[in-house]
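Enquirer: Below are the structure tokens for one structure; questions will follow.
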Amino acid sequence: MPDDGPRGAWATPEGWTACPRMSEPFAGMFLASKAPLREQFYADVPREDWYTPDDALALAQSKGRAVAMVIDLTNTSRYYDASDFEKYGVRVYKIRCAGRDGAPAPREVSEFVYAVQRCAAEMASDPGWQEKARQGYAPTILVHCTHGFNRTGAMLTHYCQRARGWPELNKWVTEFAKVRPPGIYKSEYLESLFDYYLERRFSTTKDPKVPAWKSDDLSDAPPALQRAMEIAEVESDAGSMHHEDVVGEEVYEEMAHEIRKLCVWAVMSDDGASGRVDNFPGSQPVSLSRNNMELLKREPYSVTWKADGTRYLLMLMRDGTYLIDRKFAIRRVQMRFPLPHKKFGTNVHHCTLMDGEMVVDTDPQTKKQTRRYLAYDLMAINGERVTQRPFLERLNIVREFVVEPRKAFLAQAGPSGAYAAHKEPFSVRTKEFFPLNFARSFIEKFIPALSHESDGLIFQPSNVPYVPQTYEALLKWKFPGLNSVDFLLRVSRDKGLLFVGQKGGALARLEDDFVTRTDPLESLDGKIVECTWDMNEKTWVFLRTRSDKDTPNFITTYEKTWKSIQDNITSNDILEFVEKEVVTNEGATTV
């Protein structure tokens, strides 16, 4: 009789019978297993070769482990019934993975990490599980795919890379191979792990031989899938970069919700942090007008250029780097942010939140493009809120605790080949702020020499806490003709209708005219459009679509921008006011 019996609805999976049942404990809290099968699969299988949910729990117990949760990574529900585990108080968590068609997708990994984090937190706080630990049965998560090697090994390796203080990919690949020989044996799984985490593969981390119980199916992935993967790689390198490009990978929604809650906690007061988490909490400037210009005389200010980039909060977590846009959408990027080694040892940031903008620098000679994140504020550093500290102090922490340690790491690991820094999606810099008397240098020298677009200046109070949402003292000035408003555009009878936001989510329509000189009017229907005012034609002119926003400017923002447009403050007006009316902030230092 063949090892797996006749092929059919209740035939055991190919190679399953001879496949080892379960690993030794891995990373302190896991057991890797092949899929337990319900009794219908065993019509022609000797009892000693059965492996049911009951068998899995008994085998785990024999290893001194009490299973709290089973994570099923298979793409089927026929192997067993969840109730077979749940009747013993064991939770079953299902993540459908494609399996032999490729390594786990980013969203699947994100969900796995989230599920493990939640379960680990519950086990740590549950008196029942604490008692089992005292009895010698360590609380454990059992993870399985069909055979418990490639998908399971990849997921466990992903988790360890994201859960420990410092990623060590070679270590986790090797450790998994020790507890479940031969380990991850499909080369494409190993290659994807090293490509993803940008780490050098040691010569000792070799592709294992395919186990004897498993036929060689390394080339079984459909050719269409292989081509799609190749095309995706080519397309990602083709074409020019834009600051509004979507960067990063999809995040499991429950994980994204946790990141949003952390953002609100870091930015808002304790009262505000307990409220809703569906609105972007970042500080928002108001347009400079002849009325609020007087604020520059009342307290020390710093000045910087206004980059025409895309606004993001950047959350640095042990499990990844998260980009948070104006829509409060979350995406993850794979980057490395070490803490200062002398103070924290070999560890990465965990719960550090920065504010900044994404720009694309273009070398004027070579035309080479570089995507860069300019960090211009800080709300939390490694789990500590710093919003109440003065602005210049917060900015200095960004440089000292984020940018400089990262620069030192990349300078060492990049040239040695230990870490492929050049494959990271963007670089990170601290944005420069100077005392107000540098305004002329910005306008006449610095901005013209920039390798990315700039449309004005930002005036930031130097000694104030971080203020969430609209901040009346944080001022933005745009070059005449570049002042803009973000409207919701609706097309009716071949005419563009402009709307701004009101309280309660209502919309207010403007009676002003709208014209687009680039994109077809119909293509803009229902989108958030950034518009400038044409003084001569008395109409709003389409500038670009704001793909990073899902709501228009609020009516008060529109009114302040309109006042700024009518004031028509020129660069000469700015410089004359700063140099004649404002006492130079002698306490500010260049940063």
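Each residue, glycine too, has its Cβ placed from N, Cα and C.
As listed in TrEMBL for this protein:
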type	residues	note
ACT_SITE	CYS145	active site, phosphocysteine intermediate
ACT_SITE	LYS306	active site, N6-GMP-lysine intermediate
BINDING	ARG311, ARG326, ASP355, GLY356, GLU357, LYS476, TRP477, LYS478, ARG544, THR545, ARG546, SER547, ASP548, LYS549	GTP binding site
DOMAIN	110-191	domain 'Tyrosine specific protein phosphatases'
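Tell me about the surroundings of these features in the structure.
Expert: Under the three-state DSSP scheme, LYS306 (active site, N6-GMP-lysine intermediate) falls in the strand class. For LYS306 (active site, N6-GMP-lysine intermediate), the number of other Cβ atoms no farther than 10 Å from its own Cβ, over all displayed protein chains, is 22.
Take the CB of ASP548 (GTP binding site) and look out to 10 A: across all protein chains shown you find 18 other CB atoms.
With DSSP classes pooled into helix, strand and coil, the tally for the domain 'Tyrosine specific protein phosphatases' (110-191) is 54 helix, 7 strand, 21 coil.
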Enquirer: Hey, of the binding-site residues listed (ARG544, ARG546), which one tops the CB count within 10 A?
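Expert: Most Cβ neighbours within 10 Å: ARG546.
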Enquirer: At the level of the C-alpha atoms, what whole-angstrom distance separates GLU357 (GTP binding site) and LYS306 (active site, N6-GMP-lysine intermediate)?
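Expert: The Cα atom of GLU357 (GTP binding site) is 10 Å away from the Cα atom of LYS306 (active site, N6-GMP-lysine intermediate).
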Enquirer: How many neighbouring Cβ atoms, not counting its own, are there within 10 Å of the Cβ of TRP477 (GTP binding site)?
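Expert: So the Cβ neighbour count for TRP477 (GTP binding site) comes to 27.
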Enquirer: Write down the Cα-Cα distance for CYS145 (active site, phosphocysteine intermediate) and ARG546 (GTP binding site), rounded and given in Å.
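Expert: Between the alpha carbons of ARG546 (GTP binding site) and CYS145 (active site, phosphocysteine intermediate) there are 42 Å.
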Enquirer: Provide the number of Cβ atoms within 10 Å of the Cβ of ASP355 (GTP binding site), excluding the reference atom itself.
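Expert: If we count other Cβ atoms within 10 Å of ASP355 (GTP binding site), we arrive at 21.
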Enquirer: Any idea what the Cα distance is from TRP477 (GTP binding site) over to LYS306 (active site, N6-GMP-lysine intermediate), rounded to a whole Å?
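Expert: With the alpha carbons as reference points, the distance is 8 Å.
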